[in-house]
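**Student:** In case it helps, TrEMBL gives these features for our protein:
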DOMAIN    1-196  domain 'Acyltransferase 3'
TRANSMEM  28-48  transmembrane segment
TRANSMEM  87-106  transmembrane segment
TRANSMEM  112-131  transmembrane segment
TRANSMEM  138-160  transmembrane segment
TRANSMEM  180-198  transmembrane segment
Amino acid sequence: MWSLAVEEQFYLLYPVVLLAILRFRPRALPLLFGLGFGLSLVLAGVLMRFRPDIAFYYLPPRAWELMLGGAISLRERRAGSLRAGRYTGPVSGLALAGLLVAFLLPGDSGSFPWPGALLPCLCTATLLAVLRSEYRTAGLLAARPIVLVGLISYSLYLWHQPVFAFARKIALNALTPANYVVMIGGVFLAAWATWRFIEQPLRRSDGLSNGTVPGSCNTGGLACRQRDRGMAGQRLALALLAANARTHDDGARFPSPQQRCQSDDQANPRCSVVAHWP
């Protein structure tokens, strides 16, 4: 997935840049870190006006989100954990409330990463910085349902996109609230099953060596590459299909299927049937 690619790019570049700064200009670390954060944030805001697809899919305008967590980790290592004070408990509560607000507000797919990602990222960073076990906020986050969501969060991430994407395509974006309830329930059920019957057994299995999974992935990749040799036509068709699918995506302001059909109405009269389907 593109978001995993952005994360991995950050995880590869961030340590190298950080170590270089600590080696040659350690005193300039706060300044350079703040400069990089600010440039990434400004770039996200600018690109949202002109190239929202780049703002959403590329690392430079998304780096500031990941840098927030890096900044908290650096601060704790260099200055220790934030001391409990008179206001740290209420601040953690406000941060949690901010996360709930960000979750409940009507989403606008055209507002990410700027300004849509700002509130949840800042609230999450604040919680990481000030949360302590004795606060009521920590007790809420330690509740079993919340912990379960955390345990299956990666499976939720993997399942939600294909389920919602296929549902939108099938329904031409005419989904009802009841449809969303069913989809969310299905995603949670699939995520729990994946975590329980695939992720947990794999993590606890003694029969898998450290090289088994990477080796299997490499073998599968070589098999696919061998199978694709001499199949340039099929590969070109897949590329064209991917390019066409990109015309509508939550992350960028591409036209919906209905809008696309309406714009192509004159060129292809059959589109009008789909565009005006009840």
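One-based numbering along the chain as shown.
Backbone N, Cα and C atoms are what each Cβ position is placed from, and that goes for glycine too.
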**Student:** Where, among 28-48, 87-106, 138-160, do we find the most CB pairs under 8 A to the transmembrane segment (180-198)?
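**Tutor:** So the stretch in question is 138-160.
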**Student:** What is the pLDDT of the domain 'Acyltransferase 3' (1-196) when averaged and given as a whole number?
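**Tutor:** The average pLDDT of the model in the domain 'Acyltransferase 3' (1-196) works out to 89.
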